[in-house]
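Report on the structure given below.
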Amino acid sequence: MAVLCPMTDETLAAAAEEPRAAPGMTGTLRLYRRQDAVFRAITFLSAALVVVVLAGMIVFLAHGAIPALTAMGPSFFWTSDWDTVEDVYGALAPIAGTLITATIAMAIGIPVSFGIAMFLTEICPSVLRRPIGTAIELLAGIPSVVFGIWGLFYLTPVLQEYIQPALIDYLGPLPVIGMLFQGPPFGIGILDGGIVLAVMVLPYITSITRDVFMTVPPLLRESAYGMGCTTTEVVWKIVIPYCRVGLIGGVMLGLGRALGETMAVTFVVGNTYQISASLLAPGTTISAAIANEFNEAFEEQHLSALIALGLVLFLITFTVLALAKWMLLALDKREGRR
């Protein structure tokens with residue numbers, strides 16, 4: 001039970017002598033509080049805007065895909081027939097082309113990007129480090145349509161005249177992987193699209209990998225070299241294990257770019273709705289199919305099929321990013337960092 005003490009004359013005198021906030025300071029505090037409230041409201045609205053836009057995109061894609069999915073049913077995802085005259089649509093060919101070209105791009109781009117990053121951080125002379133790094137960053141700023149033109153008018157003739165015939169002659173007769181290199185050397189095709197994508201994702205993976213390698217404490221490198229380790233041992237046993245979380249993030253960023261690329265792939269992939277075991281055959285991707293036919297999609301079901309392709313691409317990209325996040329969390333948990 002609280003006990004109320006009477007106010008004595010000394011207590012009243014002491015309270016009267018306490019300093020009070022000046023009227024000007026009170027107004028300043030109110031102004032600061034209002035500014036803080038406005039700042040919080042702006043930041044909250046910015047974060048909410050991202051969520052609203054993302055939710056709106058999902059709702060738009062899902063609603064727009066309903067007519068095609070209702071008409072075609074589940075067969076939309078595992079058939080490759082695409083006939084705008086008969087209103088028959090199957091997404092298997094674009095889905096397969098997207099996944100295969102992205103896989104080729106990663107198979108080529110990851111080793112090359114890691115090699116460039118290792119050279120810049122471990123071997124390259126300091127005089128050349130900045131020019132090479134600047135060149136890589138400039139490569140990331142080149143528009144995708146320029147990569148497409150380069151792939152169509154330079155890379156495709158080289159593939160058709162030199163590389164693809166050699167692949168057919170030397171790898172085609174092999175029992176298992178030979179099926180990947182069958183058919184005439186068209187030049188354009190899945191392999192051409194994968195190589196162009198590999199060149200496009202190189203600067204992204206390389207820049208992130210280089211920056212991640214630079215975060216390794218110099219003491220670790222110097223200790224390893226002091227123990228007699230070679231450069232190869234330092235890279236594989238010190239640098240890469242220390243940076244593996246960041247490396248996964250860089251790879252997933254490059255994969256996301258490869259999955260969603262449109263213009264460059266449209267130039268060189270062939271744009272045919274067919275599935276072939278050969279990497280030399282022409283094909284198509286989800287983004288290329290949408291770019292080629294969206295302006296001509298006058299029928300409701302045709303337009304809905306293209307929107308459904310966009311929904312599939314969104315789900316693929318979301319799955320890749322979710323898998324990357326899960327891998328990063330698993331690594332953090334294993335290392336004891338939550």
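Our numbering is plain: 1 for the first residue shown, then up by one each step along the chain.
Backbone N, Cα and C atoms are what each Cβ position is placed from, and that goes for glycine too.
Noted in TrEMBL for the protein shown:
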- 38-71: transmembrane segment (TRANSMEM)
- 91-120: transmembrane segment (TRANSMEM)
- 95-324: domain 'ABC transmembrane type-1' (DOMAIN)
- 132-156: transmembrane segment (TRANSMEM)
- 188-206: transmembrane segment (TRANSMEM)
- 303-328: transmembrane segment (TRANSMEM)
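Counting Cβ pairs under 8 Å to the transmembrane segment (132-156), the stretch among 38-71, 91-120, 188-206, 303-328 with the most such contacts is 188-206.
Distant neighbours of the transmembrane segment (38-71): 87, 89, 300-301, 303-305, 307-308, 310-311, 314; these residues of the same chain sit at least 6 beyond its ends, with a Cβ under 8 Å from one of its Cβ atoms.
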